[in-house]
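Quick look at what TrEMBL annotates:
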type	residues	note
DOMAIN	4-129	domain '1-deoxy-D-xylulose 5-phosphate reductoisomerase N-terminal'
BINDING	T10, G11, S12, I13, G36, R37, N38, N121, E123, G202	NADPH binding site
BINDING	K122, S148, E149, S173, H196, S209, N214, K215, E218	1-deoxy-D-xylulose 5-phosphate binding site
DOMAIN	143-226	domain '1-deoxy-D-xylulose 5-phosphate reductoisomerase C-terminal'
BINDING	D147, E149, E218	Mn(2+) binding site
DOMAIN	258-375	domain 'DXP reductoisomerase C-terminal'
Amino acid sequence: MKYISLLGATGSIGTQTLELIREHPEKFQLAAITAGRNIELVREIITEFHPPLVAVQTKEDCETLQGEYSSDIKFVYGEQGLVEAAVYDKADVVLNAVIGSVGLYPTLQAIEAGKNIAIANKETLVTAGHLVMTAAKEKKVDILPVDSEHSAIFQCLQGEDMKNLSRLLITASGGSFRDLSREELKFVTLEQALNHPNWSMGSKITIDSATMMNKGLEVIEAHWLFDLPYDQIDVLLHRESIIHSLVEFHDSSVIAQLGTPDMRVPIQYALTYPERLPLPSAKRLNLAEIGELHFEKMDMDRYRCLYFAYEAGRRGGTLPTVLNAANEAAVNAFLEQKIPFIRIEELIETAMERHHVIENPDFSAIREVDRETRRLVHTLL
Ligand code: NDP
Ligand code: MG
């Protein structure tokens, strides 16, 4: 039995993790959950899974829930609540599926407490990958990828010697606007941006896919997870999302991982690694039915956010923190319909240009730069 502390239980990855727990009650149990503001769903999760520890975002929601349940469930809130769930002694693994750099501090605390981490929350690795990976090495805990591309790479690398690895090829579906020109991007709506062709995901990552920032964040995520320089990490446009990524070795052999698009597969692999479990409800891949797979070179002029991410990753220091924080703030503004789609990348570019990079930042420097960048984007709005 594996006890899971699930951060972000009410989100897209969170609820798919709950489906897996439901499908394998003999293998997985919930030790703790955290949620943001979706209290109605928290009630449903409590009724079905009885987690002993529940963290929510606000004090008010915490007090409301405390009043409704008996004292054998502990309710906590805010950042401290996230940390309590992350270090909870009954948890064997922490699945971090919160959105945004709010996931960083609980991740560092979980590592400090010796927990293995299954990480969906890519913003944490983008904003402070050096802190996370150094701490994980020191504490000898595993950082297991949940993101489908990184899970694919991780699966392709099993049994391989990393010194034979020459390149990672991360595939990208292209998001909602893959067939539009830059000129056409000026007129797109929020509704169109939220309509992803292949995946049903939370709204922030769906917008990140439309701007291609998601792939940029994933390049930085791959750099940290697999310890490879940026010139050995490439992105390939692949509309069908069947090949989830590929690795190339020195002898020119390439290994890929394939499957129908279903996030439960990489989530489950991160939870069972190095074992596998059957997943009868997953749709089997039928290549004969699909017939053709397509690949295109990634155009860095068309996808400015991908270009910015490579820049930020290569420059390092606090620049990836700025990239991530500016993106989070800009995407929020777009979701609130305060700015047009094309303005997202302009705000990120301005924030990066104005930033004076701090080398090898510690946690407090990261946090300060994250806050400053969000403030800057708000003033630019
Ligand atoms: P969602 O927006 O669907 O869910 C986010 C979760 O985080 C929810 O439980 C939400 O709570 C909670 N949350 C949001 N803000 C806060 C906050 N300030 N404090 C505490 N909790 C908060 O996101 P996704 O599940 O789509 O994505 C989660 C992570 O996984 C992201 O980093 C994303 O990039 C990554 N990922 C997602 C994939 C997908 O298919 N969805 C694929 C690969 C990676 P509530 O809803 O209750 O407010
Ligand atoms: Mg991905």
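In case you wondered, yes, glycine gets a Cβ from its N, Cα and C as well.
Caution: TrEMBL annotation is automatic and unverified by curators.
Keep in mind that what you see is a predicted model, and the values were worked out from it rather than measured.
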Entries of T10, H196, N214 (binding-site residues) sitting next to ligand 1, with Cβ under 6 Å as the cut-off: T10
Packing count at N214 (1-deoxy-D-xylulose 5-phosphate binding site) (other Cβ atoms within 10 Å of its Cβ): 26
Within the domain '1-deoxy-D-xylulose 5-phosphate reductoisomerase N-terminal' (4-129), residues counted as helix, strand or coil by DSSP: 63 helix, 27 strand, 36 coil
Listed binding-site residues with Cβ under 6 Å from ligand 2, out of G36, N38, D147, E149: D147, E149
Tally of residues which DSSP labels helix, strand or coil - the domain 'DXP reductoisomerase C-terminal' (258-375): 67 helix, 3 strand, 48 coil
Nonlocal neighbours by CB distance (under 8 Å) for K122 (1-deoxy-D-xylulose 5-phosphate binding site), same chain, sequence gap 6 or more: D147, L217, E218, E221
Surrounding CB atoms that lie within 10 Å of the CB of E218 (1-deoxy-D-xylulose 5-phosphate binding site), all protein chains: 27
Neighbouring C-beta atoms (10 Å sphere around the C-beta of E123 (NADPH binding site)): 27
Other CB atoms within 10 A, centred on T10 (NADPH binding site): 23
